[in-house]
Amino acid sequence: MLLALAYLTVVLIWTTTPLAVVWGGATDWYFAVASRTTLAALVIVPVALWFGFHRRFALNWRNIKISLFAALPIFGGMTLMYWAGQYLPSGWIAVIFAMTPLVTGVIAHFLLPKSRLNLYKVVAILISLCGLIIIFAPNLRQELAGYQLLAILSAFASVFVHSLGTVLTKRCATHLPSLDIVAAALILSALGYFVVQPDLLLFPQSYPDLSHKEVAAIVYAALIGSVVGFLLFFYLLKNMDALKVALIPVITPVFAILLGHFLNAEPLGWDIAAGAALVLIGLLLFQKQS
């Protein structure tokens, strides 16, 4: 029962997070991602300390390296995705992020000796890429086409960085609990945002003028998307069949596209539906071979 509830919760979180990214970054995308990460760190660090983080986490090179790798999906991947969210519908973001298992598989082929691509996996990747082309090609807005193309590249770079961080963390064969890894990654990422723009979060007078919807989206993404989502996902990885967990990225884009259409007036035509279907077919074929 607990596993089923955790699974359903992760599906709901991953479905709603792309829309939270678009809404939260509407006025100032950098403030949105920096404040989301900082707030998530402020929440999760006391929890990690309560469960003995300070006793388990020795400041040695191995643990620092693992933390840096784990921070890549947050400081690198999430930053790129928030920038892309200025120009892309949330449904598109969800579909691109659904490519994560495929990109992870390609990276793992080169970095993990036991993870190799075969012909079926390559065909699955090509099917998903065709689906993306069907979605993007006819739906670029003429006045924003240049920015949207850059945003698509940024979103793909986000997926690549996220996947790279995941593979490198797995490659370290870490002994640390997932709570410690997430806490350390959020701390490093929050520090990174402060280094890039130190006055943005320290001085309230520099805060952008946000609507209630934007504030709610940032808080939701921090507390639910980052903290609850990360912890439940790692819980599922440890306690559920890997194939069932791998189906989450296949399920969520469908609901994310519908959510963006009904709540954010995002386009939804036969081309988007057909393209998304091809992406999901490619994902299913890829996961079956895994």
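For all residues, glycine too, the Cβ spot is worked out from N, Cα and C.
Confidence across the domain 'EamA' (5-136), taken as the mean pLDDT and rounded to a whole number, stands at 88. What TrEMBL lists as domain 'EamA' is 5-136 (among others).
Sequence annotations record features per position, and here TrEMBL assigns domain 'EamA' to 150-285 (among others).
Sequence-distant contacts of the transmembrane segment (29-52) (same chain, six or more residues past either end, CB-CB distance under 8 Å): 21, 74-75, 78-79, 82-83, 85-86, 177, 179-180, 182-183, 186-187, 189-190, 193-194, 197, 200-201, 207-208, 214, 217-219, 221-223, 225-227. Positions annotated as transmembrane segment by TrEMBL: 29-52 (among others).
What TrEMBL records for 64-85 (among others) is transmembrane segment.
For the transmembrane segment (91-112), the list of distant contacts is 14-15, 18, 21-22, 81, 84-85, 121, 124-125, 128, 131-132, 135-136, 152, 155-156, 158-160, 162-164, 166-168, 170-171, 246, 249-250, 252-253, 256-257, 259-261, 266, 268, 272, 275-276, 279-280, 282-283, 286-287, 290: same-chain residues at least six beyond its ends, Cβ to Cβ under 8 Å. According to TrEMBL, the feature transmembrane segment maps to 91-112 (among others).
Under the heading transmembrane segment, TrEMBL lists 119-138 (among others).
Residues annotated as transmembrane segment in TrEMBL: 144-164 (among others). Note on the transmembrane segment (144-164): residues 72-73, 76-81, 83-88, 92-93, 96-97, 99-100, 103-104, 106-107, 136 of its chain, located 6 or more positions outside it, place their CB under 8 angstroms from a CB of the stretch.
TrEMBL lists 176-195 (among others) with the feature transmembrane segment.
Here TrEMBL flags 215-236 (among others) as transmembrane segment.
The transmembrane segment feature in TrEMBL is assigned to 243-262 (among others).
Annotation comment: TrEMBL describes 268-286 (among others) as transmembrane segment. Among residues of the same chain six or more beyond the transmembrane segment (268-286), those with a C-beta under 8 A of the stretch's C-beta atoms are 91, 95, 98-99, 101-102, 105, 120-121, 123-136, 138-139, 249-250, 253-254, 257-258, 261.
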* Asked: Are there residues at least 6 beyond the ends of the transmembrane segment (119-138) whose Cβ is under 8 Å from a Cβ of it, and what are they?
  -> 92, 95-96, 99, 102, 105-106, 152, 271-272, 274-283, 285-286, 289-290
* Mind checking which residues reach the transmembrane segment (215-236)? Cβ under 8 Å, same chain, six or more beyond either end. -> 3, 6-7, 9-10, 13-14, 16-17, 19-21, 23-24, 32, 35-37, 39-40, 43-44, 74, 178-179, 182, 186, 245
